[in-house]
Every structure is written in structure tokens, then in C-alpha cells.
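Have a look at the structure below, then the notes.
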Amino acid sequence: MFDLSGRKALVTGATGGIGGAVARALHAQGATVALSGTRAEKLEGLASELGERVFVVPANLSDMDAAEGLPGQAAEAMGGLDVLVANAGVTRDNLMMRMKPEDFDAVIDVNLRATWRMSKACLRGMMKARHGRIIAVSSVVGTTGNPGQTNYAASKAGLTGMIKSLAAEVASRGITANLIAPGFIATPMTDVLTDDQKAKIDDTIPAGRMGTPGEIAAAAVFLASDEAAYVTGSTIHVNGGMAMV
Amino acid sequence: MSDIAERVQKITVEHLDVDASKVEPKASFIDDLGADSLDIVELVMAFEEEFDIEIPDDAAETIQTVGDAIKFIEERKK
């Protein structure tokens, strides 16, 4: 099950903890992967670790033209594109009273607008192929909200509406569109927290611990697989029971 | 039937899985040939590739019938 041999996947934000794990997992199931992110050197590092069936396509997704062009670049490199994992995201946290409009816009640009651009750019090829998987990495805060993250939570909730609508539009063509909503995941981003802060977070999670990037990647493997053909417009929440929605 | 009309008919038959005799100039893709909005998008994509032209979105919206498509493409290929 979940064999991805011959499938070609673009993973954005592959320099990050979750994106890297997703790329590794898809690759381990046999997929050819195109790694995208802003730091080319780090992508090259992951690419050499994976060895074969891997391409590097750096992009800055705050640039909408770059976002729109990325799937085409990846398809050219891999000889097709079956799976988009739109994982790249940024945060610029602050209380709304202190947040600058630019902080709102910058987060919406990368997390929501760029994902829309990339998804649109994938559709022509996927429609012709009568097959495609669009997977957006959302967040639990897109559902629950979170103080300090009016911009980030809005972008993630926006993804949900977008992906559900897209799922309805293209379901008849063998294309699925789904979301993965991680809760707290242990990544370099959470490494900076103190032990005390981490313990407080763990207390809010029924599972009693943060998730691992691999646990997000497992959901991505499932959604990318042929076995998930009938799953569309869904959100897989991977959060240790932190929010049961 | 002109060469363009023949190719438009062939593509329409293939994409919408309809009988060629129904694909006449006055046939509406949606009302007569059972196309939905996504079918129209796909047909336009197929016409673009077949005739190596670009059909902008605002023009695509005016293509309602088989005749509209033939006329648009004939004008572009002049």
C-alpha cells in the first residue's frame, strides 16, 4: 500500500522540519521529488542525502510570479507533476494591536496567495492526466485561532476554504485536494523554546507530547497515494488530540 | 466543412463523448452537448493546443456554441 513509484511530487518549504520529512517520506515510497525552498544550499544537502530521483527547484514564494512558475519548473525537471505539497509557510506573530499591515500581508502572500498560484499552475497538467494530488499544509490554529496569529490563522483558514472549493471543482477529473493540519510539531522552530515552555505545551496536548515531522509526513504519503483517491476536500488533523474537530 | 470546423468537431466529440451528428455549428456546448463549466475549460485547452493559439479567459467566456468556437479560431488563424 501507499506505493508512490513513478509519481512526481513537488514539496515546498523542504528546508524546514516538516517539509524535509514529507520529501523524505514521499521519496521513500518511491516518488520522484522536487525540493523547493529559499535556501538552495540546504536543499542541495537534502538532495544529496536522498540520492536518486530528486531535483532542487529553489523559489521565493513571496514573489507571486515565482510561485506561479514553480510547478512548471518542477514538472520540467521531473518530466511531470502528480503531487503538490504546499508546505512552505511563514509567521510574523504579534498581537493585532501591534501588528503592522505589512505583517498581515506578508503572511497571507506566502501562505495563501502563493498556494493559490501554485495550485492553479498545477491544474492544466493534472486535468489532462486525469490524476493529481494537491496537499496543503494548514495548521490547527486555522480552526481554533491563536492569540498573536491573526495573520497566520487567517492564512491557514483561508487555505481550508480554498482547498475545499478546489476539491469540488476538480473531483470529477481524478484530482484530489486536501489539507493536513499539524498541531505542535517538534522542529527547529520549537527547539528554541525552553524546557519549561515545552512542558506547558505538552500539558495542553492529550497525547502528552509534541508530534514529530514524520507523523505529518505519514499523512502526506496517504493523501498522495492511489489509496486516498476517494478522500478529497478533507483535513487530516495531526495534533495529538489537542483539538478534536 | 472547413478544416478548422472538422477539427473542432473531432475534439468536441472526443472530449464530450457525443455523437458527431450533434456537433453542428448552432449546438450549445452546455445546453445541447451536455458540457459543464469544467468541460468548457478543457475544450478551450484542447483547442489552444490543437490550433496553437491562445484563447484568453474573456474570449473563452464568449464561446457558447460550436459555431462560436469555429468562428473564433478561424479569425485567429487568418
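Cβ atoms here come from the backbone N, Cα and C positions, even for glycine.
As given in TrEMBL:
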- A:Tyr152: active site, proton acceptor (ACT_SITE)
- A:Thr38, A:Asn87, A:Tyr152, A:Ala153, A:Ala154, A:Ser155, A:Lys156, A:Ile185: NADP(+) binding site (BINDING)
- A:7-188: domain 'Ketoreductase' (DOMAIN)
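Across the residues annotated as binding NADP(+) (A:Thr38, A:Asn87, A:Tyr152, A:Ala153, A:Ala154, A:Ser155, A:Lys156, A:Ile185), the two Cα atoms farthest apart lie 23 Å from each other. Taking the Cβ of A:Lys156 (NADP(+) binding site) as centre and 10 Å as the limit, one finds 26 other Cβ atoms among all the protein chains shown. DSSP assigns A:Ile185 (NADP(+) binding site) to a strand in the three-state reduction. Close to A:Ser155 (NADP(+) binding site) in the fold, though at least 6 residues off in sequence, lie A:Gly89, A:Val107, A:Ile108, A:Val110, A:Asn111, A:Leu112, A:Gly142, each with a CB less than 8 Å from its CB. For the pair A:Ile185 (NADP(+) binding site) and the residue listed as 'active site, proton acceptor', the C-alpha distance works out to 16 angstrom. Rounded to a whole number, the C-alpha distance linking A:Tyr152 (active site, proton acceptor) with A:Thr38 (NADP(+) binding site) is 19 angstrom. According to its DSSP assignment, A:Ser155 (NADP(+) binding site) is helical.
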